[in-house]
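Chemist: There's a structure below that I have some questions on.
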Amino acid sequence: MQKIANKRLNSNARKQIHYLALVFNDFFVLASLLIFGALMFWYAKSIQTWPRNLWYYSPLLALVFSISFGFGSLVTLFEHADQQFLLSLDDQLEFYLKPMLKYSMVLPTIILLLVGGIAFPFAFLRLAIHPINYLILLVDMLLLKHVQHLLQEHSLYFNDKLHYNTIAFTVIGYFLILLGIYQPLVLLAIIVVAMVYIIRQPLQGFNWNKAISKEAQRKDRIDNFYSMFTDVQDKKITISRRKYLDFLISRKKQTANMFLFQRILLRDPEYSNLLLRMIVFALLLIFIIQDYKLNTFLAAIVIFLTIYQLLPVANIYERNMMYHVQPISRSSRAVDLAKVLQKFILLQWLLISIGLVIASAGNLQSLLYILGLFVLTLILLYVYLPVKIGQTINKFKR
């Protein structure tokens, strides 16, 4: 079993390195360094002016560390065929999962040490935490993350004593970290006792359905991240309803095409992630550059690129047989898509404009640039967009 685990870990490592190389290309690394450098420069300048030992500093630091716990769940690399071929080896799964537990700690360790390193000046200068106590706190958090993985491992078995719930663990973990800020040795003792108790619990009756389902969800989350930057082979697109976005789907005076296009933009992760990514990217630029003139120019580029990357939506149903057999007017498809995209791009403009107003501290001159951005957005939406949609549809028909 250990050989199978090591073989899968090596294969998974090669896959991750391949996609990480595509994600962290020269442009992304350069942009990340600039953003990170700007944030660290602001952090270094601002921390000197912050007062010491305010009541909310400790809860805030605990919250930051708790958020970092959300990265890195238990890696099992189970496949659907394992339920048949490894079913008779349930008693040996402990040897399979042992290297998986070690591998699962790689990403959380990197993130926790990175966050801990960034937060150290704040903890030392503003919370007056002794460096040794802070080091013990970091060790506590790494061990607490290992406890989380142990609970996730035991939850894959049929047992009555140990159950794992992400929300419950996050809430409990927050208060434990808050305790560790004041008494790191007490937290260390609690974690050691918890680890000993969990390890001593017997592992009986492996729940294959749950294990395979959990691993499929974990892989899907990683593939969704990679798909934001590059094409992912063998990625299964999962269309899911997001009820909190239903208010964006207009139900009045709309055609079947408009309804379908709205649904695909909100529920297909490829396009919904694109919209979210471009909005977040524009807002990051706005708050980092702090120059409303340059930000307006960059925002115009972001809006143009968003429109350009959403053009393939025009032909997304062309190979769908049910779309062609239904009484849906295809002659008005270009007009319908233009109306849908106009609504979403105007929403993007609104969010970017709010960011510009906040970043410029209400400078009246910035409102003129926002108005200019609005005029340019209207030109793109009502002149450029209909022409490009028509060209995209005609190009597909050839």
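A Cβ is built for glycine as well, from the same backbone N, Cα and C atoms used for every other residue.
Annotations per TrEMBL:
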type     : residues : note
TRANSMEM : 17-42    : transmembrane segment
TRANSMEM : 54-78    : transmembrane segment
TRANSMEM : 105-125  : transmembrane segment
TRANSMEM : 171-199  : transmembrane segment
TRANSMEM : 271-290  : transmembrane segment
TRANSMEM : 296-317  : transmembrane segment
TRANSMEM : 340-361  : transmembrane segment
TRANSMEM : 367-387  : transmembrane segment
Chemist: Suppose I define contact as three or more CB-CB distances under 8 A, residues 6 or more apart in sequence; do the transmembrane segment (54-78) and the transmembrane segment (105-125) meet it?
Modeler: yes
Chemist: So which residues does the transmembrane segment (105-125) touch in its own chain, when a touch means Cβ under 8 Å and the partner is 6 or more beyond its ends?
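Modeler: Sequence-distant neighbours of the transmembrane segment (105-125): 40, 43-44, 47, 52, 57, 61, 64-65, 68-69, 71-72, 131, 134, 137-138, 141-142, 145-146, 149, 181.
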